Amino acid sequence: MEFSPRAAELTNLLESRITNFYTNFQVDEIGRVVSVGDGIARVYGLNEIQAGEMVEFASGVKGIALNLENENVGIVVFGSDTAIKEGDLVKRTGSIVDVPAGKAMLGRVVDALGVPIDGRGALSDHERRRVEVKAPGIIERKSVHEPMQTGLKAVDSLVPIGRGQRELIIGDRQTGKTAIAIDTILNQKQLNSKATSESETLYCVYVAVGQKRSTVAQLVQILSEANALEYSILVAATASDPAPLQFLAPYSGCAMGEYFRDNGMHALIIYDDLSKQAVAYRQMSLLLRRPPGREAFPGDVFYLHSRLLERAAKRSDQTGAGSLTALPVIETQAGDVSAYIPTNVISITDGQICLETELFYRGIRPAINVGLSVSRVGSAAQLKAMKQVCGSPKLELAQYREVAAFAQFGSDLDAATQALLNRGARLTEVPKQPQYAPLPIEKQILVIYAAVNGFCDRMPLDKISQYERTIPNSVKPELLQSLKGGLTNEKKMELDSFLKECALNY
């Protein structure tokens, strides 16, 4: 049978139509809720989903896929699960959890997903960063060598912190853990105002996990009154927020801090506190039917904190020389630092500042136990002058504590022991400091130099704080400023004559 011209025409027409055929359909992989309760949804049908991927429920609530099983997917819900019903549709978003980052975040208060909660409108120009990323490798890092000043005499002299370090703040409730963190943020105000370049400025990220909303509001007020909010970001997952948001908040804050670290700038991040994050993670894991381990925590609770804290680093010069310093906070029960979570975090960090209730009630504030507190890498970052004056106090304080216990029993002590007790009592008095009153480093050096070199030895203990306040204001400003560069013999002679003269008034 011959092909007629009409048939050939029709064939060409059909071919052209088929080749130009285009479907503009968007194919979404969807699943259905099998069961829901306690903030956990079991979903059937999401066969291609990735671990840690965001999903969206029909009600608009979002969730994250944590358990990928044969039959279904275990999804933790970010928000209330009351609007989710059995049989509801669940849609994949195709994206791993990410948060906004950048300088537009400074001065803002956001939740664990980076959504502003301060009532000041949407965020302006920003980029998005994944919440979970790998920590920088060995080649990309450099050893810690720049100081991160807290403005607290007890910390900057005895347990110094460097940029890129992880220093744990550990203690019972109501011992002043948050106060140390806030003082550190406030101290950056005077340092940032003198900074001449981006590489000198230190930006701060404060992550509040499981705290009262009133506490977070109070913190915002303190920072804004001190004009410290302009270089700070607050990430809040309060006690009333669901456990998944309390688990996610530290990672979100870390991603925001990493923006500065990876762009050649410096950032400080405070996790307040990681005990509550571990409790939130335990709750999620048990509801997801993961096997419990010690203290009912899941087996990977160490990895929960290690992968977070390893992201704090000092980058090498080739990768921008930025840094992210971490100050995680852990709350202990009745001073037990050998519990599961405290020992985990102590082993991950580069040192710890131990706070004690007994010292706090004795009026030694910040209530730092100098014997238990260490900084494993910070001394390399300490200023030369501070290193020169702080060699002996730690040893003298240790000897004082040893002798003070025996001195309670006997009254007839030899002159050397009496002198040691006398000096120790004054060295215990010097690190005391009121809250929200950080001290510039040059004033700290002056005060510690006076105490270490015996200028306070004959002074009544109740006069020492007054003496401390007076000497930085009486000394020549140029001599005070020159202390940062180190102590030469000429400077020491000049300081000695000035301090001797001042001590006569007390």
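In case you wondered, yes, glycine gets a Cβ from its N, Cα and C as well.
Annotation comment: Swiss-Prot describes GLY171, ASP172, ARG173, GLN174, THR175, GLY176, LYS177, THR178 as ATP binding site. Residues or ranges marked as site 'Required for activity' in Swiss-Prot: SER373.
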If you count the C-beta atoms lying within 10 Å of each candidate's C-beta, which of the binding-site residues GLY171, GLY176 ends up with the smallest number?
GLY176
May I ask which residues of the same chain, at least 6 positions away in sequence, place their Cβ under 8 angstroms from the Cβ of ASP172 (ATP binding site)?
GLU331, THR332, GLN333, ALA334, GLY335, LEU355, GLU356, THR357
Recorded positions: GLN174, THR175, THR178, SER373 - member with fewest neighbouring CB atoms within 10 Å:
GLN174
Please name the residue among the binding-site residues ARG173, LYS177 whose C-beta has the most neighbouring C-beta atoms within 10 angstroms.
LYS177
Separation of alpha carbons, SER373 (site 'Required for activity') and LYS177 (ATP binding site) (Å):
13
Using C-alpha atoms only, work out the spacing between GLN174 (ATP binding site) and SER373 (site 'Required for activity') and round it to an integer in Å.
18
Taking the recorded ATP site as GLY171, ASP172, ARG173, GLN174, THR175, GLY176, LYS177, THR178, identify the other residues of that chain whose CB atom sits within 8 Å of the mean position of the site's CB atoms, giving them in sequence order.
GLU331, LEU355, THR357, PHE360, ALA367
Can you tell me the CA-to-CA distance separating GLY176 (ATP binding site) and SER373 (site 'Required for activity'), as a whole number of Å?
15
Calculate the distance in Å between the alpha carbons (Cα) of ARG173 (ATP binding site) and SER373 (site 'Required for activity'), and round it to a whole number.
17
Taking just the CA atoms, what is the gap between SER373 (site 'Required for activity') and GLY171 (ATP binding site) in Å?
11
